[in-house]
Amino acid sequence: MATACSAIIFFVCTMPCTYLAIREQSTYLQSADWMIGIACIVPPSAFGIAMKVLISAELSGVGTNWSTLFHVFGHKDSAFSVGFLMVILAFETVLYFIVALYIAKVWPGEHGIPSSWYFPVETIIEKPSSESLRELDSQSSGSSVVLDESPEGAENTVRLCEVSKKYITHGARDFAVNNLTMNFYKGEITALLGENGAGKSTLIRMISGHMAPTKGRIIVDGRDISGYERVRVGICPQHNVLFPYLTVKEHLEFYAALKNPSLSK
């Protein structure tokens with residue numbers, strides 16, 4: 001599906017350049033600069049127009065080199081030289097790369113926590129992390145239910161404050177995790193116990209950044225999980241993700257060989 005969609009998108013993006021070429025051949029008129037500029041918005045059309053101008057330069061007998069890079073061949077009133085089109089392509093490369101990074105952050109897909117649409121300036125308009133953590137402390141201390149006192153002098157690495165995850169199945173709302181507040185401390189092993197469907201895997205996926213909570217906040221190493229790179233939080237899934245035919249030992253050996261190639265010899 002992705003391959004077919006990519007081919008269709010590429011074909012559609014070349015249509016402006018194709019339209020201008022057919023129009024010029026049928027009317028014997030040079031396209032206006034504003035029409036060429038609109039066609040150059042999409043890189044495939046800009047590349048096609050650059051190739052057309054390059055061919056015109058070669059057919060003129062002058063050719064294109066560093067001294068004639070910004071010379072206009074064919075239509076003298078046009079501003080679109082080979083060099084100018086190369087500048088446009090370079091600018092669009094940077095522009096669309098930034099757009100792709102932005103889209104990947106705002107709409108990460110099924111696995112990942114979406115950032116706010118204003119995340120590039122989020123650190124400026126939102127509260128500092130220290131002030132935010134103080135508010136989180138006051139919320140946690142104000143809770144009416146305390147199941148376990150915090151160990152004295154323990155370093156808090158993962159903090160959950162009123163975290164909930166809601167699913168809608170068959171029109172009904174089902175909470176996999178409902179208003180959970182707890183802390184994980186450095187140097188301690190924390191185990192989650194519960195029956196099937198209690199929300200253990202959902203909670204782990206939210207902490208590791210593979211799923212966004214419906215409500216609440218998750219703080220990992222002093223940073224809100226909504227802006228945290230999930231690659232820095234490891235997770236061992238319940239099933240074989242990559243190679244279902246490998247045993248546990250073979251998985252460990254394969255991973256060790258990837259981390260240290262000398263072990264595979």
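The backbone N, Cα and C atoms fix where each Cβ goes, glycine too.
Under the heading domain 'ABC transporter', TrEMBL lists 177-251.
The transmembrane segment feature in TrEMBL is assigned to 6-22 (among others).
Positions annotated as transmembrane segment by TrEMBL: 34-59 (among others). Beyond the transmembrane segment (34-59), the same-chain residues lying 6 or more positions past its ends with a Cβ under 8 Å from any Cβ of the stretch are 10, 13-21, 68, 71-74, 78, 80-82, 85-86, 88-89, 92-93, 96.
Per TrEMBL, transmembrane segment is recorded for 79-104 (among others). If one looks beyond the transmembrane segment (79-104) by at least 6 residues along the same chain, the residues whose Cβ comes under 8 Å of a Cβ in the stretch are 33, 36, 40, 43, 46-47, 49-50, 53-54, 57, 64, 69-73, 120.
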Residues of the parent chain within Cβ reach of the transmembrane segment (6-22), under 8 Å, 6 or more residues beyond its termini: 31, 35-36, 38-39, 41-46, 48-49, 52
